[in-house]
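Per TrEMBL, the features are:
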DOMAIN    10-351  domain 'Acyltransferase 3'
TRANSMEM  12-33  transmembrane segment
TRANSMEM  53-74  transmembrane segment
TRANSMEM  95-118  transmembrane segment
TRANSMEM  124-148  transmembrane segment
TRANSMEM  160-180  transmembrane segment
TRANSMEM  186-207  transmembrane segment
TRANSMEM  219-241  transmembrane segment
TRANSMEM  261-281  transmembrane segment
TRANSMEM  302-322  transmembrane segment
TRANSMEM  342-361  transmembrane segment
TRANSMEM  381-402  transmembrane segment
TRANSMEM  414-432  transmembrane segment
Amino acid sequence: MDGGTGRSRYVDLLRAGAIVLVVLGHWLITALVRAPDGALAAPELMAAVPWTQWLTLGFQIMPVFFLAGGYAAAGSWNRCRAGGGTAAGWIRGRALRLLLPTAAYLVPTLGGLAIAGACGADPALLGMIGWALAMQFWFLPVYLAISMLTPWLAALHRRWGLGSVAALAAAGAAVGLLVIEVDADWAYRVGLLNYLLVWAVAYQLGFAWRAGGAVARPVFGAALAVGGAAGYAALVGFGPFPVSLVLVSGEEVSNTDPPSLAMLAWLLAQCGLCLLLAPYAERVLNARRGPGRLIAQLGRAGMSLYLWHMVPVLVAGAAFYLTDLAPEPEVGSAAWWAWRPAWVLVLAVLLGALLAALRPVDGLLLRLAGRIRAQARTAGAGRSAVLLAGLAAVGWALARWAVQGLARSGSPDWRVLLAFAIGVVLVGGATGPRPTAAAAEQTVGQPVEQGS
């Protein structure tokens, strides 16, 4: 823990490391080949080379991000309450930290797709590009929704402690069991609740971690890691669940759409390992200043890193594959894997240059979000309704892009863009005086406590 800021360098490392692993994972599995007609195609590596599905046990790292996110959000919300802030103001500030960089990403990407379509580019190619540019979007509406629930999740933690984690896990397990046992559309739709329930388990565990107590003891982390890993092994070995922790074409059962019992078990295993390592990692990080600076830099660039990391893939694909400069060994062969380090290095250089160019934009967005957050005091149910409507609009738009990409039929869906734009305006404009944070606490019968 950094005594000057109250931040945990280990938590910052978990968040930054999770994003870096997501980026590397996407780059590693991206396979580009030239079709007989000369067009660029992207075969699905994990369907073509099934053993690579085991790699998802390490690269499906989002449980760690939600764990660290819950830890950080607990401290932020506690400080907000201690300073007399409001639930709506806090939610609005957090939402803008996600939405403003996303809007800055969408302007050039959607604009470029629209221009390419108007110039007669192949709709199928644009659809593939639009999908690649939005493949990371699934996370955004989920994290936005769980962040929006933070004041109430925090209140649940103060009332029930680890019982709130257990309740979310039990609910997620029940929904996951329903999806497996009932082969019906309505069961799948109910199963979509697990996008919130399962990921909220890790987020809520972050609250318990920050509070200390049993969760901070290594024995708790060890038990959670071993129990979660054993549960995953049993569910995959004896149940209907696949190994892969990301969506793979052709699977009858998915561990991610919606999050399954196996995903829940592996989530607990990952979180347990993080908790087990926490005391040792904190000591190492606090004893050395160099890693802290690197972690801080990665943290500041985290959103841009996550949003923009597939753009270099498209640039490199056009520069090296469409020009026949890149070697094209058979996907999954030894030669293909031998070229992966060079591929990742090229993408890293391109992304580094892109992030450097975006640095002024990032700084502007941070200042803008800070100014808006500083005046985030809402008043009356009407202002809260405006905020809620805005969050619903952007959540719907982000979910649509996550499912269909940015240009499903070869051109952007401007209705989705309009919903997103209106939502951002509503979220950004929901200002004014508002009652204190006690409102969020009273919904679960927990008195307001000041402090962080």
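Quick reminder: no glycine exception, Cβ is built from N, Cα and C everywhere.
TrEMBL labels come from automatic prediction, so no person has curated them.
When Cβ-Cβ distances under 8 Å to the transmembrane segment (95-118) are tallied for each of 53-74, 160-180, 219-241, 261-281, 381-402, the top count falls to 381-402. Residues 153, 187-188, 190-191, 193-194, 197-198, 200-201, 204-205, 207-208, 211, 213-215, 239-240, 253, 258-261, 264, 268 of the same chain, all 6+ positions outside the transmembrane segment (160-180), place their C-beta atoms under 8 angstroms from a C-beta of that stretch. Beyond the ends of the transmembrane segment (12-33), by six or more residues, the same chain brings 40-46, 48, 52, 55-56, 58-62, 64-65, 67-69, 72, 135-136, 274, 281, 285, 291, 295-296, 298-299, 302, 305-306, 309-310, 313, 317, 321, 326, 328, 331, 336, 340, 343-344, 347, 351 to within a C-beta distance below 8 angstroms of the stretch. Residues 15-16, 19-20, 22-23, 26-27, 30, 32-34, 40, 97-98, 101-102, 105, 109, 129, 132-133, 135-136, 139, 328, 343, 346-347, 350-351, 354-355, 358, 362 of the same chain lie 6 or more positions beyond the ends of the transmembrane segment (302-322) yet place their CB under 8 Å from a CB of it. If you take every residue in the domain 'Acyltransferase 3' (10-351) and average the pLDDT, you get 92.
By the Cβ criterion (under 8 Å, sequence separation of 6 or more), the transmembrane segment (124-148) is in contact with the transmembrane segment (381-402), since 3+ such pairs are found.
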